[in-house]
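*Asks:* Just dropping this structure here.
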Amino acid sequence: MAESGLAMWPSLLLLLLLPGPPPVAGLEDAAFPHLGESLQPLPRACPLRCSCPRVDTVDCDGLDLRVFPDNITRAAQHLSLQNNQLQELPYNELSRLSGLRTLNLHNNLISSEGLPDEAFESLTQLQHLCVAHNKLSVAPQFLPRSLRVADLAANQVMEIFPLTFGEKPALRSVYLHNNQLSNAGLPPDAFRGSEAIATLSLSNNQLSYLPPSLPPSLERLHLQNNLISKVPRGALSRQTQLRELYLQHNQLTDSGLDATTFSKLHSLEYLDLSHNQLTTVPAGLPRTLAILHLGRNRIRQVEAARLHGARGLRYLLLQHNQLGSSGLPAGALRPLRGLHTLHLYGNGLDRVPPALPRRLRALVLPHNHVAALGARDLVATPGLTELNLAYNRLASARVHHRAFRRLRALRSLDLAGNQLTRLPMGLPTGLRTLQLQRNQLRMLEPEPLAGLDQLRELSLAHNRLRVGDIGPGTWHELQALQVRHRLVSHTVPRAPPSPCLPCHVPNILVSW
């Protein structure tokens, strides 16, 4: 028996070593740690030093990387590599990331030589691409059809290709500003098949005329800071949805525009033509226009006929032109019935323009040659809330005591930098700000300030006032007055008690 028992041990040992039957599905204890397994979840793949806050997001911003990182998960949809030192994009690495929707390469050292033609070929779901602030000399020949936003600004791009931005039905925004693009580097079919582009920025390039065949879907077009001297006839005939057009800082002359240049822009609200070489207001302005910038041109006269179509204009900016005594003849602005603000800073006007629109709210006329204010000069604009006549040639003897009588809504009056020797009479009682610095005021009397109980700020710096030149009762009604800016301040002494007036006088700081 003993021998037979010993003989069974090898068989029992063999049975113990044999694997058991496979487990029945649904009967395993999920909480039981099986051999070789860990209680911790498997770590997600994330490149060294980068952060991966989500399974689809890899952030390698500002790590001074010189080589494209490996170990990027194929599940990545958002990859940020901005602010590094990358010089090239390896095709084999990018081709793995076919699910990318956002690729940010802003502020690297990527050159066109380091960007293969097929670099983005496999990124069929890419929607947002930023390669701004790199060293590209030509744009990529091919960008994915799925693209919605493309930013190639601040490179050295001299040429783009038909399929860089063409045939992109979902493309909405293209940023190409601060490059070296000339018209020769912009093919006529550059945007063919991309009928959804709403924003196109081509500012700070070397364009000499407005590019043809722009997308008809445009809403915002930036062309400032180029060399544009001409808008070809019909170049803007299809852009009926355009709302904002920026053409400032170019070389536009009157001959570079015609009566049809802007006439088809039935949605245009904002037009900036400042810093050009225009001598007249352009013709054919659309009725929808609300803001027109014409500052820093060479305009000598404004003709009513040129503004007849722009009846909806609210802001007209004509600062730093060559408007003289006949620059704004009576009725020139009459078509602009809804005009809110008129800027005429830095011209040669010797009087307030006559027959201004009745609804005008802000008249800005500093640094002109206005030497007088007559009794009727401002009667046509009773709704004015801001009047700026600073740095003109106004003398007290030539400011009529009824010049401001109709300006009951006026809140801000700037008469700084003139030749006034006393406060004007008849100031509107609703004034809150009165600027009188840099005149020749020799005294302050209570009568001109009577009733100005809403005045909050009164500036008298750089006049010829002394403390003793301020008459008793001058400050009586200025209970809310505050002087915000002062160089040398004196506390105004309280006036001696008057038998007719209460002695409650504010302690006011005034600068002179």
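One-based numbering along the chain as shown.
Quick reminder: no glycine exception, Cβ is built from N, Cα and C everywhere.
Quick paste from Swiss-Prot:
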DOMAIN    37-74  domain 'LRRNT'
CARBOHYD  ASN71  N-linked glycosylation site
REPEAT    75-96  repeat 'LRR 1'
REPEAT    99-119  repeat 'LRR 2'
REPEAT    125-146  repeat 'LRR 3'
REPEAT    170-193  repeat 'LRR 5'
REPEAT    196-216  repeat 'LRR 6'
REPEAT    217-238  repeat 'LRR 7'
REPEAT    289-309  repeat 'LRR 10'
REPEAT    338-359  repeat 'LRR 12'
REPEAT    360-380  repeat 'LRR 13'
REPEAT    383-396  repeat 'LRR 14'
REPEAT    409-430  repeat 'LRR 15'
REPEAT    454-474  repeat 'LRR 17'
SIGNAL    1-26  signal peptide
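Walk me through the surroundings of each of these features.
*Replies:* Here the domain 'LRRNT' (37-74) has a mean pLDDT of 84 out of 100.
A coil conformation is recorded for ASN71 (N-linked glycosylation site) in the three-state DSSP classification, outside any helix or strand. Using a 10 Å radius centred on the Cβ of ASN71 (N-linked glycosylation site) and all shown protein chains, the other Cβ atoms total 10.
Counting same-chain residues at least six beyond the ends of the repeat 'LRR 1' (75-96), those with a Cβ under 8 angstroms from any Cβ of the stretch are 55-69, 102-111, 113-116, 118-123, 125, 130.
Residue counts of the repeat 'LRR 2' (99-119) by helix, strand and coil are 0 helix, 4 strand, 17 coil (DSSP-based).
Long-range Cβ contacts of the repeat 'LRR 3' (125-146) within its own chain (Cβ-Cβ under 8 Å, at least 6 residues beyond either end) map to 77, 82, 98-112, 115, 117-119, 152-161, 163-165, 167-170, 175.
Packing against the repeat 'LRR 5' (170-193) from elsewhere in the chain are residues 127, 132, 145-162, 164, 199-209, 211-215, 222: each is 6 or more residues past its ends and has a CB under 8 Å from a CB in it.
Counting only same-chain residues 6+ beyond the ends of the repeat 'LRR 6' (196-216), those with a CB under 8 A from a CB of the stretch are 153, 165, 169-183, 186, 188-190, 222-232, 235-236, 238-241, 246.
A Cβ distance under 8 Å defines the sequence-distant neighbours of the repeat 'LRR 7' (217-238), meaning residues of its chain 6+ beyond its ends; these are 177, 195-211, 244-253, 255-258, 260-262, 264-265, 267, 272.
If you look at the repeat 'LRR 10' (289-309), the same-chain residues 6 or more away from its ends with a CB under 8 A from one of its CBs are 248, 263, 268-283, 315-324, 326-329, 331-336, 343, 345.
Within its own chain, the repeat 'LRR 12' (338-359) has Cβ neighbours under 8 Å at 295, 311-325, 327-332, 365-373, 377-378, 380-383, counting only residues six or more beyond its boundaries.
Remote same-chain partners of the repeat 'LRR 14' (383-396), defined as residues 6 or more beyond its termini with a Cβ less than 8 Å from a stretch Cβ, comprise 358-373, 407, 409-422, 424, 435.
Residues 366, 382-396, 399, 401-403, 436-445, 447-449, 451-454, 459 of the same chain, all 6+ positions outside the repeat 'LRR 15' (409-430), place their C-beta atoms under 8 angstroms from a C-beta of that stretch.
In the repeat 'LRR 17' (454-474), helix, strand and coil residues by DSSP number 3 helix, 4 strand, 14 coil.
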